[in-house]
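Visitor: Here you go, one structure.
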Amino acid sequence: MPPRWPREPDRNDPAFRKLDDRMTFATHVAAFIAVNSGVWFFRLVQAQTWPWTVWFSGLWLAALVAHGVYIFAIADYSGPVTKPNAKSP
């Protein structure tokens, strides 16, 4: 069951942004696991020597690690997001 949000979801809400970014990261991890396990399964079953599988998995893993570092270490969830062209009241 998906998590319930107690108020109207809004990307300007720091708590919602943090939860949304973490759920997006979880989806990224799930896609990485599903696709790479399939690629490596067929590589092993067919006894292929596909050189691209190592690069494919390695580059995707690097992107996944970069995504994780951004979400868990760099991203700032301290305040609301302001759009560059938004007018101040």
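Glycine is treated like the rest: Cβ placed from N, Cα and C.
Below, the features straight out of TrEMBL:
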DOMAIN    17-80  domain '2TM'
TRANSMEM  25-42  transmembrane segment
TRANSMEM  54-75  transmembrane segment
Visitor: Taking every residue in the domain '2TM' (17-80), what is their average pLDDT?
Guide: 93
Visitor: Would you list the DSSP helix, strand and coil counts for the residues of the domain '2TM' (17-80)?
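Guide: For that range the per-state counts are 52 helix, 0 strand, 12 coil.
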